[in-house]
Amino acid sequence: MSGSKSVSPPGYAAQTAASPAPRGGPEHRAAWGEADSRANGYPHAPGGSTRGSTKRSGGAVTPQQQQRLASRWRGGDDDEDPPLSGDDPLAGGFGFSFRSKSAWQERGGDDGGRGSRRQRRGAAGGGSTRAPPAGGSGSSAAAAAAAGGTEVRPRSVELGLEERRGKGRAAEELEPGTGIVEDGDGSEDGGSSVASGSGTGAVLSLGACCLALLQIFRSKKFPSDKLERLYQRYFFRLNQSSLTMLMAVLVLVCLVMLAFHAARPPLQIAYLAVLAAAVGVILIMAVLCNRAAFHQDHMGLACYALIAVVLAVQVVGLLLPQPRSASEGIWWTVFFIYTIYTLLPVRMRAAVLSGVLLSALHLAISLHTNSQDQFLLKQLVSNVLIFSCTNIVGVCTHYPAEVSQRQAFQETRECIQARLHSQRENQQQERLLLSVLPRHVAMEMKADINAKQEDMMFHKIYIQKHDNVSILFADIEGFTSLASQCTAQELVMTLNELFARFDKLAAENHCLRIKILGDCYYCVSGLPEARADHAHCCVEMGMDMIEAISLVREVTGVNVNMRVGIHSGRVHCGVLGLRKWQFDVWSNDVTLANHMEAGGKAGRIHITKATLNYLNGDYEVEPGCGGDRNAYLKEHSIETFLILSCTQKRKEEKAMIAKMNRQRTNSIGHNPPHWGAERPFYNHLGGNQVSKEMKRMGFEDPKDKNAQESANPEDEVDEFLGRAIDARSIDRLRSEHVRKFLLTFREPDLEKKYSKQVDDRFGAYVACASLVFLFICFVQITIVPHSLFMLSFYLSCFLLLALVVFVSVIYACVKLFPTPLQTLSRKIVRSKKNSTLVGVFTITLVFLSAFVNMFMCNSKNLVGCLAEEHNITVNQVNACHVMESAFNYSLGDEQGFCGSPQPNCNFPEYFTYSVLLSLLACSVFLQISCIGKLVLMLAIEFIYVLIVEVPGVTLFDNADLLVTANAIDFSNNGTSQCPEHATKVALKVVTPIIISVFVLALYLHAQQVESTARLDFLWKLQATEEKEEMEELQAYNRRLLHNILPKDVAAHFLARERRNDELYYQSCECVAVMFASIANFSEFYVELEANNEGVECLRLLNEIIADFDEIISEDRFRQLEKIKTIGSTYMAASGLNDSTYDKAGKTHIKAIADFAMKLMDQMKYINEHSFNNFQMKIGLNIGPVVAGVIGARKPQYDIWGNTVNVASRMDSTGVPDRIQVTTDMYQVLAANTYQLECRGVVKVKGKGEMMTYFLNGGPPLS
């Protein structure tokens, strides 16, 4: 077994309200850092150590590595508890000092180069710790890995112009085989995305770009219908708001159209009726869409009904009004097309079909009603260009917005998924953690990780004192015989099965299992919460254990029995040291309880007088005569008793309690908790059947257990997201976090985070705006007379825009270009200020190209010329005078009239339409704030309206006159009649109105886009923060667990839920085992009021063990694993896994020998500075062991085998201040020139006579 069962008095910190004890330094955080470093495959040495640690085959650790590690794991120093009360032994002249090596220093003397822990930390600057790799503890990677192949992520198709930039987070990396599929084809967008990590480049082939552009025009959806419905629910309220906004602007447009029609008589009833009906229908739909009964399924129906209304308005608006012109109705057609793309929540396919249908209707009706115009071809070509540009801009606006929304939804879902995964894993960690440590200890430790605490002279000691508890020790008598009949693996399985049963009994009897030492099991009742019936609980526990072992005896045929000893009194409980914490209890009463078990009888419960007094006569007893069987009991004159049976009164009470428990269980409506799906003594039964005796012990047949199938993680995420969508209130989020008009966050920190977001599609925005510029150029080249200025200006603008596009798109494939260009591109794209300036510059060039040719047109006033020709006043001129003019003025004549050398621009309304396109280009830049867009669009409107109304007013007046004359000529079919009713609304009146309508609609769209983006950012930020908090808690638990269990063992038990009988063990071929005990510590330990009832003695022991833990954490001892402490005995081993076992060089054996010598030196140092005379005995042995965990639900890692037993005997039979080794150990060390001497033959219990040796020193220095 793994060492002696004797438990020394030293204890655990009693932190009570009446007598709080001071806390030590922050080394427990270093302990967690070490555990996590080892978990990531990197060695760790605490920051305060300069004990000559050697580095792993690679020289010294750099200061940068030290700084990274220090900043990662040392968030701050630990807080100090309130100081000791007036009876502080340090203040009261207690006769010894309690400074460990990490804190002790000579006052004015020479420490031999050793400073205080604080000095060493300052000198080391973080210690010799090797920094872990970027990415930390790996919790995020674990969360990402949990998603596996089932996770659904949208694939980004960035308009075919740039790749998806890596965000540095696994949740944002796009993976092949996942993403958005095209609507209807059910296949994935295989080569449509270009994905790379941050800082990588990608070569975009022409075929890939074309394919990506084709994908843009196709509707996107998630492969999962359930996920797609969740996405629609996610944006339902925002879509409802967009739909309402669209209805409002459509009503406004219809009213403007009605006003224009009313301003040019004669009125047409059909036109008025259709538009009035359209307004009424839209208003009714708006009311219905904002009712509570309106839900997601109604959205599509409302959208398509609205498209039908728009198509009706389009047809009536083009067919009925007079005078007819191919340029009539372009502005509202552009408006309808663009708003369908941007404000109507429909799929891309529906939006494209609607836009094309509206364009085709306008072109067809224009061709039909204006077929006799000689200049119709130019107008139709220009109209095609305008509608094509509008559709493309609509696609370029709709697509990024939808992709952004889908990515925001998916990233939020991924955050929730990672959070739920972390939560599940954290719950598993919590269960595992709380099965090893009581809740109050574990919570205090985790709180200390977070707290920023001051550096203290002493290490933090986690200790509590409990005055009224009962301690039970139980040993299996005859276990040696049972063990001799099975292999080491079968022995571990037997222990696991038996002690799992004892753990269940302990829970039922309100006892807390403390530790398992070999075949010894001890527990305490009254911890952590006090109980008045603690003695009864321990006695009942002892009876159940004896009954359980009797059934084991029946099943196995081996004469095994339980020897139980119980004592009631006071304990100190908690953990000692910095590594591999195990909850334990210490006190003189614990020592007495241990001897009560040793002096007891098989199959009987041996109690002291103190325990008997707590039983209140509920049990019949007889004298125990423990002093006859145990020297300790005899020496201290302990009166003992043996339990005979329960009294009748106690039996009735137990029956009543059992009945109440059954009634309580039945009222809850489920079966009482059972002890898992255990298969105890499976090897002895030879099958899956559970015998009658086993059922009597409480073990259940696996077939009888109702296995609970774990929910699908994907379904759990979707269900959680659905609840969150239903619970969130967009209006509340807006009012609480976002200013109403400016749409900025109320909290400056949120605004700062939002402003730092990088929009990777900026190059696509610039490219789209440049495309608008090209369309404007083609429109004006088609409809406006050519000039040298036009050619030179457009060529200059094209070169400038091409340069801007080139620099912006470099960001998507940086490695293909020189470093200066890469730097310039990053500075533009990654800076919101720079990208906004570049966007404004691009929009300015597009706007200038829309109207600059106006200044090259004939600015003579046609009305004045006609008045002069007909000798009438200007007010008397009308369209009929144009027809009667000798100069034959017409819309198709580009020759300058009135003697002007400049050509006529007879269609100035196309300048206005070009300006409308430039406004659409403004809306493409999604990264520009809505207020910025509003200011920019108002500036464009002001400048253009000013030009129209002042220098260009004659251009528009001339066009109005010519259009009216052309319509009259067309309606009269060449006759000389001139009806006076042929009028139209002046372009100089129409232009400001339609531009204002566009500015309003584009501002509302910009506000909607930004509001959506900010709310998505806010919700994703909240989900991310919750996920990070969960991951932070998970990291705390993981570091704490790795400081309790080896990392591979912890990972095994965290992988999934384990049954109590599931066994974890591994056979190790050649392990070096060390037991190091402070031989005379029991003499030092006393419980006096002056030393806080022994707490200060335990504080010194904690300092000693902490120093040992710091030594074992050094890099040169990375092959060693601390197993546990048993009182004042320190147990360690090396070579327990492939990474620490050196079969050829035996370095793990030499490492444990060096470690043993280092402990001897450290103890001398402690004695020198604490004015004590502690004597250490160390035993070493090598050989095969079995390493494993007993109890899957309450795991305890240990090693077993003959090698462990002999190593323990080397310690117990050793000589103070010497290191005793076996012959096997001697042969390995002697071969490596270690200095040893032969002690001779030593009589070892259970082994007979053995030849042993003393280790005196390491290899001589060469």
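Glycine is treated like the rest: Cβ placed from N, Cα and C.
What Swiss-Prot lists as topological domain 'Cytoplasmic' is 1-196, 396-763, 1006-1262, and the listing cites sequence analysis. What Swiss-Prot lists as compositional bias 'Low complexity' is 47-59, 129-150. Per Swiss-Prot, the feature N-linked glycosylation site maps to ASN239, ASN834, ASN871, ASN888, ASN973; the stated evidence is sequence analysis. According to Swiss-Prot, the topological domain 'Extracellular' annotation covers 858-910. Look at Swiss-Prot and you will find THR1012 tagged as phosphothreonine, backed by similarity to another entry.
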Among the recorded positions listed here, ASN871, THR1012, whose Cβ has the fewest other Cβ atoms inside 10 Å?
ASN871
For each of the glycosylation sites (ASN239, ASN834), count the other CB atoms lying within 10 A of its CB, then report the residue with the highest count.
ASN239
For THR1012 (phosphothreonine), just give me the three-state DSSP call.
helix
I'm trying to understand the geometry here, so how far is the Cα atom of ASN834 (N-linked glycosylation site) from the Cα atom of ASN871 (N-linked glycosylation site), in Å to the nearest whole number?
60
How big is the Cα-to-Cα gap, in Å, between THR1012 (phosphothreonine) and ASN871 (N-linked glycosylation site)?
63
Per-region confidence, the topological domain 'Cytoplasmic' (1006-1262) (mean pLDDT, whole number):
86
In whole Å, note down how far the CA of ASN239 (N-linked glycosylation site) lies from the CA of ASN871 (N-linked glycosylation site).
62
